[in-house]
């Protein structure tokens, strides 16, 4: 619309009319944003989400950037990330399936001993692929090129956690993140990664 035409409309309109137009436009924008956000709470068809946490030893050893780099270079999309001191309550709920194991108490104590980086990643077959990238729980059994194979020696200090199934990923994501903490965005390079 030409500037002169816009100016004549503004001059002809009352201040109340202009205010109503602005409010209406803002409401339409918010509604469009809400629809997009609610659509993104579910992964696009064929995509999945996984939960990954860099444990206190990984944070203390300054491996955060290297680990994020590996996931980004693989082609996965980061939807959520936070650095936090996890409470014992959160960790007990996270590791509830291990509560009868002899190492459970030590694990919870260790995981609450320092900051943790919690992340949500999205991509095709991301749960299985992330587990392959992470390596075996016991670093001695992890291949070189995996995160644990490259950076770990001891099973009690194995740097990283990754969901072991789509269902556990859903549970862990909802435990560590609220829906509004996940940011869904379009990756400009995605068409170079997936067919």
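In case you wondered, yes, glycine gets a Cβ from its N, Cα and C as well.
Annotated features, as they stand in TrEMBL:
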- 49-184: domain 'Nucleoside diphosphate kinase-like' (DOMAIN)
- 55, 103, 131, 137, 148, 158: ATP binding site (BINDING)
- 161: active site, pros-phosphohistidine intermediate (ACT_SITE)
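Everything TrEMBL records as a feature, shown here on the structure.
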residue : record                                          : Cβ neighbours (10 Å)
55      : ATP binding site                                : 23
103     : ATP binding site                                : 12
131     : ATP binding site                                : 18
137     : ATP binding site                                : 14
148     : ATP binding site                                : 22
158     : ATP binding site                                : 22
161     : active site, pros-phosphohistidine intermediate : 20
Among the ATP-binding set 55, 103, 131, 137, 148, 158, as the record gives it, the longest Cα-Cα distance in Å: 22
For the domain 'Nucleoside diphosphate kinase-like' (49-184), the number of residues DSSP places in helix, strand and coil: 68 helix, 28 strand, 40 coil
